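Feature list (source: TrEMBL):
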type	residues	note
ACT_SITE	167	active site, nucleophile
BINDING	195, 196, 197, 198, 218, 219, 220, 221	substrate binding site
């Protein structure tokens, strides 16, 4: 069953003209992360690799495709967690960094802290030699267009959130049975400056524990935080539920309790996995036993063989 990696490109409503980009993006990220695992790489390296590729893809709301806050600026959050040791690293409200997930990994590896925010995170990035990038390099025409549209006095906030390419995330199990998760986002469209959502919060945006499994979440951040969705799902797995059943239970609880929609990718240490969502769509992909799995709509599940390019 091992290794396995599962990624998501965000829950929500994806316009038809952008859905192909979303699907190809998650498939590409999974292939790279799976190749890394096949080469003996760790689950931690694999999830960071997958999320880094999605941050670099302007089709997603992370890294260079991030949505803009009320002031028209980019503020990003990211989280990474190692299921073997429960070590974790997170950053919130960061600017001028191309890959927040790399910075989160550095917080985990190089500090005694779990999360750094805003200017403190920027200072740490500079001290680690992480190059600063101009704000403009992270802003796409699509993000700017939707920001302006949402500023209009007659804007419909529900409609404006539609078309949002969501948070990105990944979970993996390596050949040693270690699990890991990583999640990264540009946050909520036209959010207040300084707003931090679920993504960098341990237990909400993600959680990884070798004793139960790993989860990366996406959806309405405030709702996810209220039910600590990732940890909630792993609680059900600890009670004997499968990755799929636990994911569905967690999402149903969030919907009934706080009216929130979202999606998750989940794995257990044996390599059983799930990609589940209560929103209209969620681009997802998984790789296991040299097979690529992917989908976008509820009930959709395509497969294809992954060619082994190793020498």
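The backbone N, Cα and C atoms fix where each Cβ goes, and this holds for glycine too.
A TrEMBL annotation is a machine prediction, not a hand-curated record.
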Judged by other C-beta atoms within 10 Å of its C-beta, the most isolated of the recorded positions 167, 218 is 218
When the binding-site residues 197, 219 are compared by other Cβ atoms within 10 Å, fewest goes to 197
Taking every pair from 195, 196, 197, 198, 218, 219, 220, 221, which the record gives as binding substrate, the longest CA to CA distance in angstrom is 16
Residue 195 (substrate binding site) to the residue listed as 'active site, nucleophile', Cα to Cα, whole Å, comes out at 15
All chains considered, the count of other Cβ atoms within 10 Å of the Cβ of residue 198 (substrate binding site) is 31
Spacing of the two Cα atoms, residue 221 (substrate binding site) and residue 167 (active site, nucleophile), in whole angstrom, works out to 10
